[in-house]
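**Student:** Please see the structure below; I have some questions.
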Amino acid sequence: MYITKIVIQGFKSYKDYTVIEPLSPHHNVIVGRNGSGKSNFFAAIRFVLSDAYTHLSREERQALLHEGPGATVMSAYVEVTFANADNRFPTGKSEVVLRRTIGLKKDEYSLDKKTVSKTEVINLLESAGFSRSNPYYIVPQGRVTSLTNAKDSERLELLKEVAGTQIYENRRAESNKIMDETIQKSEKIDELLQYIEERLRELEEEKNDLAVYHKKDNERRCLEYAIYSREHDEINSVLDALEQDRIAALERNDDDSGAFIQREERIERIKAEITELNHSLELLRVEKQQNDEDYTNIMKSKVALELQSSQLSRQIEFSKKDESSKLNILSELESKISEKENELSEILPKYNAIVSEADDLNKRIMLLKNQKQSLLDKQSRTSQFTTKKERDEWIRNQLLQINRNINSTKENSDYLKTEYDEMENELKAKLSRKKEIEISLESQGDRMSQLLANITSINERKENLTDKRKSLWREEAKLKSSIENVKDDLSRSEKALGTTMDRNTSNGIRAVKDIAERLKLEGYYGPLCELFKVDNRFKVAVEATAGNSLFHIVVDNDETATQILDVIYKENAGRVTFMPLNKLRPKAVTYPDASDALPLIQYLEFDPKFDAAIKQVFSKTIVCPSIETASQYARSHQLNGITLSGDRSDKKGALTAGYRDYRNSRLDAIKNVKTYQIKFSDLQESLEKCRSEIESFDQKITACLDDLQKAQLSLKQFERDHIPLKDELVTITGETTDLQESMHHKSRMLELVVLELHTLEQQANDLKSELSSEMDELDPKDVEALKSLSGQIENLSHEFDAIIKERAHIEARKTALEYELNTNLYLRRNPLKAEIGSDNRIDESELNSVKRSLLKYENKLQIIKSSSSGLEEQMQRINSEISDKRNELESLEELQHEVATRIEQDAKINERNAAKRSLLLARKKECNEKIKSLGVLPEEAFIKYVSTSSNAIVKKLHKINEALKDYGSVNKKAYEQFNNFTKQRDSLLARREELRRSQESISELTTVLDQRKDEAIERTFKQVAKSFSEIFVKLVPAGRGELVMNRRSELSQSIEQDISMDIDTPSQKSSIDNYTGISIRVSFNSKDDEQLNINQLSGGQKSLCALTLIFAIQRCDPAPFNILDECDANLDAQYRSAIAAMVKEMSKTSQFICTTFRPEMVKVADNFYGVMFNHKVSTVESISKEEAMAFVEG
């Protein structure tokens, strides 16, 4: 085992966290300047190993804490880690960590991070080989010097300490102390025995007087027993009578209470029913009032519609008469039009044929005339011109003129054709428009019907929506009335609940709910009373058990409770008690396995997540049939017992019973408040839903009104558009006729232009033909042709005139017929056709709509009448029910008053009886105590005075008491004292014998301890002396050294003799008291020269001898590790190497940690550490051998 790591923080100069690792299991050297903290490092190790700093005061602990600039250090610790591969520490671990921590108010140890006591640490170190009797495994500065300057007697004490004689001395001192105490106890026992013997002799004399006293005293006790017994029996009889009265009263009270509760529940139900009936009656009144208002409004509307229907009927009747007249006129017109159209249809073929024939004749006549004129011109030019040249010149001029006329005629023909085509297109457009107007006028009736039907449909939809909205208005009024009623009920219930608790609690509960809603706390569950349900049979028991705990607020954890409490304190909102579920730890309860003790909690219904809160309040309560049974179980099972009537016996023995006002039930009040809150919330939700529907119907009705307005505007627009169409038809009809006439005229003009063009072309051809001929007289053919042409022209002219006359006659009739039709008959017929039926359709449609509305109103009125009749019947029935229930309520309340008075009277009687019973029980207890005070009575006491009167007993008791006065000074405890003293004497004799044997055992133990101490000192001296000689030879090969035990001479105690004790010769047997000291004798130059005493040596030689003695002690009692603080400081140069070599040799089996300023120790070390000091803070770092050598040599 060895130290592997040391951690220091806050200890002396080591302020910061300092780790020294890894430490070699052999030789470790620490170097550093003076004052850097090397000694503090060793002090830290001693601090942990309890070699020093065992009992520290506050000031001493303060001195060990680091003091320097910066923050104040309030605690410090040193931690040492041991390699435990050899299991010298019996922990079963390969590594052991020991830490000691100090502060201003603490000083504690920890082993492997577990707190342990100082005694456990000391025992652990001793089990690993750290002996308290040998502190030389740690050698601090100054110890070598003190050992060097020590006297022989001090070295002897050191040897005793190493040998462990202190343990023997402690045990011997303890034995001597016990021996002294034993002697003192024996002496005291002897004194007590002497006193007891004297007292026994005195008591022997007092026993005779006591016998006479006992005889008379027994008589007295018998008489007193007779008196007390009779009084006890009388009290029991009275108590039995009172108990019977109490049981009878309780049974009567239970019956009355049960009936009272049932009647009270019935009263509450009747009140609730009356309230509900009043609510229903109020709703019926509101509905009846609404029905009356609806009836009045519908009647007003019905009267208005009836007036409108009458007006419309008259209008339709008048319209029908007017329409009949118009139909007759239309019929006559249609007849005339048909006649004229038939006549015109007969004339038109003749007219067209004769026009065609006249045109053909006219064309033929014109051609013949042109031919004739051409021949005559040709004949006249013979006389007109003298030469052919003049003629040709004239012909050419005529041709030019004719060509100009032809071109002009063609242009005129094209212009006429263009005008004709334009007129034809215009005619087609007007005819098309005329047809459209006629079709439109024909379809106006259907369109009018559609518009009227649409308006009627919209009105019906609006009326249906209005009716539904009215129903919703009625429903809204009912809901408002119900909400007001429920709000009143809720207010009354809250007031009733408020009377069951103080104002602060009531305010607090309301505030907590509001705060939880504001903060949106999901962990708020509400008061305990709202988290469970219970059967009405156990309601009283639950209230009596929970008390004010019913109003405790249940939350999920203490954080939620803290949040709410902060707001409550800030707003001063009341007082509440919280039950955080995460902090509740209800204990498991074992219930009795019996049918008359049932756990109250099993009759509660609740969410499992509230199990802890419910158990916290109700788990320790059982329901019992009577208070007596409850009391028995309360005592036997440490549970709270309760009856169904609320009588309670808790586990501490307290009883709670008596009259209870069942009308002020907290659970009922809570239930009512919760019920009305739910009703209020439901009604509010229904009201919001109803208002939302009303708003929706308002929007729909508004949309219907918009649609109706649009439909009415469409109808008006249609009516406005109807008149212009009629006017336009008349106008188009006239324009069409005029246009047809113009076209006919244009056509005639075009025919004439074409004929003229043909004539001009013919003339041009004739002139061209004449231009190519000679200028001669007409040939015979031409003359013959001229004659023939004249005759044909005359014949055709006569025929043409006849045809023209006929055509003129036909054309005049045709024109007259067309004019009659277009300007008269058609114009009169079309408006009539449009007018007939249109007004009637409008009026009839409106009349039908009015009749439908009247029918609806009739139905509504019938429904309202029926509903009002039903409502009146319901109201009468409800009024009757209310009257019956009020009568029943009055009778029940009267009976309740009587029963309550009787219960209260019974309660007062019970209270008086209870007070009387308490007095009797006190007297009974007093009698029992007096009887007990009589002690054990003789057998005759129970029968001797049974038949004796009380007066005789009192007289005898008086005589006996007078006789006993003569024995007032007798020792009444003589027998008892005699027996007690006898027992004490026997006990003291046995104790004295026990002390004698103990004294002998202690004497033997003291002798053995003295012998073992002598043997331990002699054995240790031999071992240390031998090791000293061996080690000295190794350190000083040329010399020798030895330890010499000094003892007193047997003849003279004052003369010291030096007796050399050779380790090879047997030690002389002598007492340890003859030892006076240990001296050191050495020779540094020769093994044979006379040895010198240590006082004769130089300082360096003394230090070497002291170190040799330390090494000898360490070899004799080796430790797992050794700590040397500058042990070579005072050595001469020639011995430092020897000491370093010795340390190196011993470090093979034991770890060494040394501080030094000398290079010899550094040269043989394994690990090196440097201590630095900066700003009053020490640190330790691992360094190389070269750095260590450089430091000690520099």
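Numbering starts at 1 and runs along the chain as it is shown here.
Quick reminder: no glycine exception, Cβ is built from N, Cα and C everywhere.
OK, Swiss-Prot features for this one:
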BINDING   Gly32, Arg33, Asn34, Gly35, Ser36, Gly37, Lys38, Ser39  ATP binding site
COILED    176-497  coiled coil
COILED    668-908  coiled coil
COILED    970-1006  coiled coil
DOMAIN    522-634  domain 'SMC hinge'
MOD_RES   Lys105  N6-acetyllysine
MOD_RES   Lys106  N6-acetyllysine
**Student:** Express the distance between the Cα positions of Gly35 (ATP binding site) and Lys106 (N6-acetyllysine) as a whole number of Å.
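**Tutor:** If we compare the Cα positions of Gly35 (ATP binding site) and Lys106 (N6-acetyllysine), the gap is 28 Å.
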**Student:** In whole Å, note down how far the CA of Lys105 (N6-acetyllysine) lies from the CA of Arg33 (ATP binding site).
**Tutor:** 34
**Student:** Between the Cα atoms of Ser36 (ATP binding site) and Lys106 (N6-acetyllysine), what distance do you get, rounded to the nearest Å?
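**Tutor:** For Ser36 (ATP binding site) versus Lys106 (N6-acetyllysine), the Cα atoms are 28 Å apart.
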**Student:** Using DSSP, tally how many residues of the domain 'SMC hinge' (522-634) sit in helix, strand and coil.
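**Tutor:** DSSP classes over the domain 'SMC hinge' (522-634) add up to 56 helix, 21 strand, 36 coil.
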**Student:** Considering the binding-site residues Gly32, Gly35, Gly37, which residue's Cβ sits among the greatest number of other Cβ atoms within 10 Å?
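**Tutor:** Neighbour-count leader: Gly37.
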**Student:** If you run the three-state DSSP split on Arg33 (ATP binding site), which class comes out?
**Tutor:** coil
**Student:** Counting Cβ neighbours within 10 Å across all chains shown, tell me which of the recorded positions Arg33, Lys38, Lys105 comes out on top.
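**Tutor:** The largest 10 Å Cβ neighbour count belongs to Lys38.
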**Student:** Using a Cβ-Cβ cut-off under 8 angstroms and a sequence gap of six or more, which residues of the chain neighbour Lys106 (N6-acetyllysine)?
**Tutor:** Ser75
**Student:** Kindly assign Lys38 (ATP binding site) to one of the three DSSP-derived states: helix, strand or coil.
**Tutor:** helix
**Student:** So what pLDDT does the coiled coil (970-1006) average out to?
**Tutor:** 74
**Student:** How many neighbouring Cβ atoms, not counting its own, are there within 10 Å of the Cβ of Ser36 (ATP binding site)?
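**Tutor:** Its Cβ has 20 other Cβ atoms within 10 Å.
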**Student:** Between Asn34, Ser39, which of the binding-site residues has its C-beta surrounded by the fewest other C-beta atoms within 10 Å?
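**Tutor:** Sparsest of the binding-site residues Asn34, Ser39 by Cβ contacts within 10 Å: Asn34.
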**Student:** At the level of the C-alpha atoms, what whole-angstrom distance separates Gly37 (ATP binding site) and Lys105 (N6-acetyllysine)?
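**Tutor:** Gly37 (ATP binding site) and Lys105 (N6-acetyllysine) have their Cα atoms 25 Å apart.
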**Student:** Rounded to the nearest Å, what's the C-alpha distance separating Ser39 (ATP binding site) and Lys105 (N6-acetyllysine)? Just drop the number here, would you?
**Tutor:** 25
**Student:** Around the recorded ATP site, report the further residues of that chain (criterion: Cβ within 8 Å of the mean position of the Cβ atoms of Gly32, Arg33, Asn34, Gly35, Ser36, Gly37, Lys38, Ser39; site residues excluded), sequence-ordered.
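**Tutor:** Those within range, site residues removed, are Asn40, Val1171, Phe1173, Ser1178.
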**Student:** Return the member of Gly32, Asn34, Lys38 nearest to Lys105 (N6-acetyllysine) in space, with distance defined Cα to Cα and candidates limited to these binding-site residues.
**Tutor:** Lys38
